[in-house]
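Per TrEMBL, disulfide bond is recorded for Cys176-Cys192. The region 'Disordered' feature in TrEMBL is assigned to 1-28. The transmembrane segment feature in TrEMBL is assigned to 41-64, 84-103, 115-137, 256-279.
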Amino acid sequence: MVAINRSVRGVPYRRKARERQRQPSHTRELRTRVRSCLLKNALFISNLFFTVMGLVVLGMGLWGLITKESFAQERIGHIGTDPMLVFVFLGLTLCLLCLMGCVGSLRENSCLLRLFSGAVLILVAAQVLVAIAAYSLQDQIVPVLRSGMLMAMVRYQDDLDMRFITDEIQMNLQCCGADNYRDWEMNLYYNCSAPGVQACGVPASCCIDPLENGTVWNSQCGVGAQQLVEFSAQSVIYLGGCLGGIARWIEQNKQLIGIVGIALLGVQILTLIVTTRLLDNIQWSKAISSQRDVES
């Protein structure tokens with residue numbers, strides 16, 4: 001009789017013990033759900049923001065192509081060399097990648113999240129390799145920049161993109177040519193043997209005051225500048241080349257460039273960590289659900 005009473009009395013104690021053992025599991029499950037919700041929302045919002053940025057970049061590229069009539073039949077053959085394709089490619093890549101992250105986080109789709117994290121990991125590795133290569137080959141960067149700028153100067157009148165980029169560099173850095181203003185002798189129209197009015201001149205973007213204290217852009221302010229001696233030319237145009245201006249700009253802003261680069265890399269690494277943690281939580285939740293199905 002005593003043994004029976006003990007066994008009967010022991011039943012509630014065993015049930016309470018099992019309930020106490022289950023309490024940590026329930027607490028962990030609740031914490032995991034809350035953490036998953038926070039991670040999912042953070043990943044979704046950040047990817048949504050970068051998706052919008054990607055759409056803006058893509059729109060800029062398409063707008064540039066349409067404005068220049070790059071899709072016209074007579075110009076479609078040269079569209080492969082159009083610089084606006086860089087914006088189109090970057091915008092499209094950013095949109096697709098971030099949409100993958102948005103949908104994967106919102107639907108808790110492990111396959112999409114793995115693809116997203118793999119793509120981000122490849123991007124991080126590529127950026128690190130590019131930084132290492134740029135540091136290792138820094139002596140070859142200046143010759144590459146010089147050849148690129150000289151090519152842009154040769155194609156100045158024939159390529160609207162090259163003209164825009166060259167003008168922006170010369171106006172913002174207050175420079176003229178690659179090494180000096182006489183580099184414009186390479187251009188067919190600014191060559192001193194050219195028959196036109198632009199012969200022996202430089203573009204208006206080389207002028208110190210292209211508006212000449214007015215409101216109308218004077219496109220003829222650089223006419224005949226190459227014929228002037230440096231003492232006379234320095235009051236009309238910038239004499240120094242843009243390669244030196246680019247080097248000075250990098251030297252003055254190297255800290256800001258480094259901070260921005262590290263920040264962008266940090267955001268990508270943080271995104272990778274958040275995605276990995278979210279994947280772990282999703283797998284743990286699936287394992288708990290499967291275990292409950294087996295027990296029931």
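Note that Cβ sites are derived from N, Cα and C of the backbone, with glycine treated the same way.
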Checklist entry - Counting other Cβ atoms within 10 Å of each Cβ, which of the disulfide-bonded residues Cys176, Cys192 scores lowest? => result Cys192
Checklist outcome for this item: Among 41-64, 84-103, 256-279, the stretch with the most Cβ pairs under 8 Å to the transmembrane segment (115-137) is 256-279
Checklist entry - For the transmembrane segment (41-64), what are the same-chain contacts with Cβ under 8 Å, counting residues 6+ beyond its ends? => result 70, 82, 84-95, 97-99, 101-102, 105-106, 267, 271, 274-275, 278
